[in-house]
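Copied over from Swiss-Prot:
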- Lys18: SUMO2 cross-link (CROSSLNK)
- Arg21: asymmetric dimethylarginine (MOD_RES)
- 64-103: repeat 'WD 1' (REPEAT)
- 107-146: repeat 'WD 2' (REPEAT)
- 149-189: repeat 'WD 3' (REPEAT)
- 191-230: repeat 'WD 4' (REPEAT)
- Lys270: SUMO2 cross-link (CROSSLNK)
- 283-322: repeat 'WD 6' (REPEAT)
- 325-357: repeat 'WD 7' (REPEAT)
Amino acid sequence: MIEQQKRKGPELPLVPVKRQRHELLLGAGSGPGAGQQQATPGALLQAGPPRCSSLQAPIMLLSGHEGEVYCCKFHPNGSTLASAGFDRLILLWNVYGDCDNYATLKGHSGAVMELHYNTDGSMLFSASTDKTVAVWDSETGERVKRLKGHTSFVNSCYPARRGPQLVCTGSDDGTVKLWDIRKKAAIQTFQNTYQVLAVTFNDTSDQIISGGIDNDIKVWDLRQNKLTYTMRGHADSVTGLSLSSEGSYLLSNAMDNTVRVWDVRPFAPKERCVKIFQGNVHNFEKNLLRCSWSPDGSKIAAGSADRFVYVWDTTSRRILYKLPGHAGSINEVAFHPDEPIIISASSDKRLYMGEIQ
């Protein structure tokens, strides 16, 4: 009955129209329901700039943390990464494919403030507000050592690049400590006046470099067991330190909204600050915003409270990238060891991994 009530339209001749190939390609990747269509490879190539990494997509979102994410580091082999923060958990992720969270390391009873792999990637070190530093086997995920001795929050840790496995730590108790993971207690302690927020070794691991709320960067000599020299220039707390891969220059991030490069070679001129970068900002949240070098030293990156990822050209000091996307303070940005990829950790509980040219 329904068929009979339909009015017939005018009889029009059907004329086939040959569509150009580029129209077919564009049509395959656009319009409603495009996701269900079998787009040809040509359509994907036309979607954006050429790809420059092995990531599944130019930007990958890693979500799984239940609180602010304070730190993130790529494994030295580049295939996995670790992240940690306020939820006291360390999450391990695959870099390629779907970026699965393949393991969760539990053991800290306070927020995890900083993470570092050792040089060969066999161990992962984590500093926590539970006053301890944990040493993890990165293959099995087991905690193999717990370093206890600080009397307040441990804000920073850094493993020696070579030699016996030493690690230095900095704490709110105002001390910088040196540990040999084969021993139970710290093997050296340096007393600073104020809270220590960031530490690293020099290239030969015979000096510890520290920064904190006294605005100064201090270099402690392990052989002579004393303060060797102090680098002044920042006008507010130093929240992040990073040594360049060849060991000649130190990067610092501070609450005076500057990122600085310092010459830490022996017998360098007295004025060791060689470059100042601006753009990133700190705010009332007072998060410990870190900083990092690209593997070849041509770029630097730093955390920022304005929700942007900042990447600078080291030579020209120009901002190469100011990347949006996060909804909270960016606490750390790290470079991939082999590919043009960066990862950012944010107070919005997320990590973004993306490729840069």
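The backbone N, Cα and C atoms fix where each Cβ goes, and this holds for glycine too.
Note that the structure is a prediction, hence the values are computed from the model and not measured.
Residues belonging to the repeat 'WD 1' (64-103) score a mean pLDDT of 97 in the model.
Taken residue by residue, the repeat 'WD 2' (107-146) breaks down under DSSP into 0 helix, 22 strand, 18 coil. In this structure, Lys270 (SUMO2 cross-link) belongs to neither helix nor strand by DSSP; it is coil. Using a Cβ-Cβ cut-off under 8 Å and counting only residues 6 or more beyond its ends in the same chain, the repeat 'WD 4' (191-230) has close neighbours at 152, 155-158, 160-163, 166, 168-176, 178, 236-243, 246-248, 250, 252, 254, 256, 262, 264, 288, 290.
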